[in-house]
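For reference, TrEMBL has these:
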DOMAIN    926-967  domain 'GRF-type'
REPEAT    22-57  repeat 'PPR'
REPEAT    127-161  repeat 'PPR'
REPEAT    228-262  repeat 'PPR'
REPEAT    298-332  repeat 'PPR'
REPEAT    430-464  repeat 'PPR'
REPEAT    532-566  repeat 'PPR'
REPEAT    633-667  repeat 'PPR'
TRANSMEM  91-113  transmembrane segment
TRANSMEM  1088-1113  transmembrane segment
């Protein structure tokens, strides 16, 4: 009695007070301990009985002792159980059916299937319980097929099944997903009269729930005359597995009204229902109920909650719950590892795995499968190999689940040779094995191998499922794959009926988009009867990533109107569309929704938002939402480096790269593409070549075509064509059209006609219909004045029906986009636009602008060429923007083609003159133009301040300047601004920019420094244009400058004019007049009056009056 109520102290006291004890006394006390889970006391009692009292145990005691070995979670219990087995054999109890059945259960518990089967075959007498124990052993250890085979053998030998036998075999049939076999066994159960048995009915409910036949499961449940807790749990679990969260909670509600107390299985099923239904609030409510009824320390419930929080992306909550579990079992460790893997925290998962290795717990196949999943990245290959070695050491290398995980791991690490080797060594393969290999080939962009494996899978007789089709469709990436692979696979899905699967439909939609057939993608999407979130995400991503950003944003709007809730993939697709179009306003609206719906901590969404802000020219916003270094993924680092590169910030890109090496993941090929691009835009050839060399030697990143294109473009921009040619000959990959186009563009810039023709021939050899090859070659001939060749090329283009892509620029204001073509006169404000252009032309010419007519590619006179330049679309867009936007606000202008050099100069002059920031974006770069560029670096020639550097305003009518202080850092000269004040002479409000290319004041040739000196060009084409010329006789380097005022002495015979102007930015005007008159005895009154007139152009009316007054007073 005391034992039944867990009063073991009282029961032991009564037992000790007994004067005489028989076998029944010892058995009762022993079974009480076992039933109550007090195993140490039970073992101690057995020792006292056997060693002290000398009482021989009976079959009941030995069966209970074996049960202790099965239930006690100590690592030594396998060894102890084997000792008990030997004890049983020694004393002849193996023929006892109860003892033998307990041993069968022991071996099944620890998964020792060989010993289990050997023991079963050695048993003399076998009853229905023995057969059932064997079936349960196979079923619980992941071999339901063998459990069914045991059932068949049992029937052949004429052993009648009981309700537990039918319950076990029905559950095994459900695991095999064989509906025909399930109905056959169910018919046998009905014939045997067990269809109304509670345990059999519970198994039938679970079976139908596994097949997705929830209505049939509900019908069986409703017909049950008597239900136990397992019945309710089976029904709740059936709803949960079929993602029917509301029905699960409704069933739970009825259960509580039926006065049935929920247990750990009930709550675990409810938590699983919240996982499948994305019901975060419901899961939190269940967690509260768990704490309320005192099951918060139950390990099964805690494991389910860990999985729930992991699926919800609440990894920190899962970690907190894991730490609070008083006694963690292996499932707890496995669930937590899986949580880390799901949330991309692979290194933390591996650290947890190491912690598990330090415990005495036995690792199983799930443990190693999770550890291998944490190694599924290229930089984790070494860790994956170590886990592989541990698997072999643990003897689990033949486990099917583990081998499938190994194939997946090596595939994701890019080692397909090893993945294929493991696949070929497997004597047993299932559908997961084939899908893992196909997925590996798809991941590594090997479509041919993926298709061949898919064909072999079908030839091997393996049934293809939706995952197989999804993987093989994912391997079709380019238009050439569409006809050869994509459409035939689509035909197979139609014949096999898999086309109706929603996952397959979404994969088909994505495949057609990747292969360039967006019309087919749209056709499939429009034909979907039920468009879920995945379908919308697929069509949004298809359009966003394949050149139809406007359509993608329209789909985002449509999806929002349907009432579907956005997920992280919806936001990622929408933000990608905004970034491709440079639509900052739409991107900001999506970002606001991200914050509103609570996705601001999702790393995928953060990366998409960072990319959007970076491509829209808002690097400050990128830095504001940038995760901390420890939380950044490799993609986060790559986006940051790419953003700095796109905006000309090589120094920041380089610093970010080195910070990534210290605090972030190992860089990959995308990292180096961004870094080399930064070197390219910064003109840093030596640094770019150094990083290219380190890429393979230090980081193991093999050079790909993207890296080679960056190097060729880098060398070409600097005019190092011999090095570029040698590099192309020696590069490890074949050159593509992008590479030849980059070289051709560089040849056009540097007028290298011979190499340009060679690059054009190679480009046309790859794609004869490429318009860019003809256009660039034509432009190069035009620059060199070879107009006959230009005419020949244009006639050839016309004969083969190749037309140049028309240039287009646009401005977005108030939800309306205004676009302009070359010489466009269709806009309603055309008169005001061209009047504004004339005003701009006059103003910037006064500031020193000289048109570079080399960008006018028609055989006309210089005046017509300049006129043609002023018809460029980006200038029309600039005029329109200045007319229709308030003064002082930044102006954003977009162009579909590369901006010409002369238009770029115009934009710089306009930005400096009007004091406004202008962002000019083309397909290659996003350039911010601001007032910083009106201040240029010069070197003082005065005796008082020899070689001292200063910033001089470049407008003709302004002489304002600012002294700079020299600083030395790492042996290189670096100039820093002493203040953040801009030019006060002309109203500029900018300051010195750290990465301004004009801070280079020294030229190094063979280690000899040369000083830059201001000179004036005497050539006709650039007459009177000023430039900085290196004074080193071994160097010809020079930099063009905008015209500046230079004070000229009347005495022309002096060797050199010395100007020493002592100015402060905020000087008093009276002091200025006195100081000016005191130092310039070479000026007469008329000269001073002319200076006053020049100041009048830039100073306000009040200041002009003050200057006149000061002049009169000084007279």
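The backbone N, Cα and C atoms fix where each Cβ goes, glycine too.
Automatic prediction, not curation, is the source of TrEMBL annotations.
Same-chain residues lying 6+ beyond the ends of the repeat 'PPR' (127-161) with a Cβ under 8 Å from its Cβ atoms: 97, 100-101, 104-105, 107-108, 111, 113, 116-117, 120, 168-169, 171-173, 175-176, 181, 185, 188-189, 192, 194, 401. Long-range Cβ contacts of the repeat 'PPR' (228-262) within its own chain (Cβ-Cβ under 8 Å, at least 6 residues beyond either end) map to 198-199, 201-203, 205-206, 208-210, 212, 214, 217-218, 221, 269-270, 272-274, 276-277, 279, 282, 293. Non-local neighbours of the repeat 'PPR' (298-332) in the same chain are 73, 264-265, 267-268, 271-272, 274-275, 278, 280, 283, 287, 290, 338-340, 342-343, 345, 361-364, 366-367, 601-602; each lies 6+ residues outside the stretch with a CB under 8 Å from one of its CB atoms.
Counted with DSSP, the repeat 'PPR' (127-161) comes out as 26 helix, 0 strand, 9 coil.
Confidence across the repeat 'PPR' (430-464), taken as the mean pLDDT and rounded to a whole number, stands at 89. For the repeat 'PPR' (633-667), residue counts in helix, strand and coil come to 27 helix, 0 strand, 8 coil, using DSSP.
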